[in-house]
Amino acid sequence: MTVLKMTDLDLQGKRVLIREDLNVPVKDGVVTSDARILAALPTIKLALEKGAAVMVCSHLGRPTEGEFSAENSLKPVADYLSKALGRDVALVADYLDGIEVKAGDLVLFENVRFNKGEKKNADELAQKYAALCDVFVMDAFGTAHRAEGSTHGVAKFAKVAAAGPLLAAELDALGKALKAPAKPMAAIVAGSKVSTKLDVLNSLSSVCDQLIVGGGIANTFLAAAGHPVGKSLYEPDLVETAKAIAAKVSVPLPVDVVVAKEFAESAEATVKAIADVAADDMILDIGPQTAANFAELLKSSKTILWNGPVGVFEFDQFGNGTKVLAKAIADSAAFSIAGGGDTLAAIDKYGVSAEISYISTGGGAFLEFVEGKVLPAVAILEERAKA
């Protein structure tokens, strides 16, 4: 994957527009989770150190395009950046017709989705973005799967279009895990439905040696193998699909599970052998023996890709399976990459972030890359690098 990298460019005195993913949760005007801002800070600092005039843009939430909405304003992000960097970071609302930014200055543009044509990737808007800068830097992996004005269009028209350090690191890590993984490779794919992760399962079945499934996905595989799943969430119409995937790659199945009679925080958890699951049982986690078996598989792996908790870990009594696997990944010498919203929440809960080789910041983009799809914002950077 050949793209120009911001780290290789001379930015002294250049006007640099950086597209970051600063789409963070905000409550009462205050940022409540700063992970994405923290991930973007090194890129912003590096551009400033290189002597650039720095303009940062992002979206936040889903406002009606072309209309200002206070709840989707990036003001809380500007306030956060001002504190984090110890300098005033101005939030600029009117910038499309040009803005004066000096070398060493930093401004944050207001939500790009307030601009008409952003989501449709309108050339007219993209050309206005491009006219603002000498160098456009795409650093928002989380939005790389969307062809929008500030992620794709601007890269077509900017004098120079490059990948930022965060995006470059993400692409390198994903390439390492998927293009030529050290073997044996294990993948953990969990979630409520096979249908939503079918392309991921199919794609991984051709590169990994062990495909560990969890959640509702595992229930469909259990049913495909003829095991009882009680009243658990599963997809009867995808049983044949599960059989076809299991014929291509080793899919180790649970030997024991944690069940309950209801889906609730107060539900009583009972460990049962898989054959003993009753008609009114709901499977909400893998059992301790299964967790130990899966941990053993992870121990002998050289590459691990993790997407999704294997149980309802938000309720502690159904979190042991995810906790054991999280610790096994942390203790493993394998190159490990994790991604997807719930996965990140599990990593936080069990305190293993420092031990995972790479944590992906992109939810949808992470999955689309794993599926083998082309990410438009990356494809345009590759095109520009060739030219």
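Every residue gets a Cβ built from N, Cα and C, even glycine.
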Residue in Arg36, Arg87 which Swiss-Prot records at the substrate site where Asp21, Leu22, Asn23, His59, Leu60, Gly61, Arg62, Arg113, Arg146 also bind: Arg36
Longest CA-CA distance among Asp21, Leu22, Asn23, Arg36, His59, Leu60, Gly61, Arg62, Arg113, Arg146, per record bound to substrate, angstrom: 18
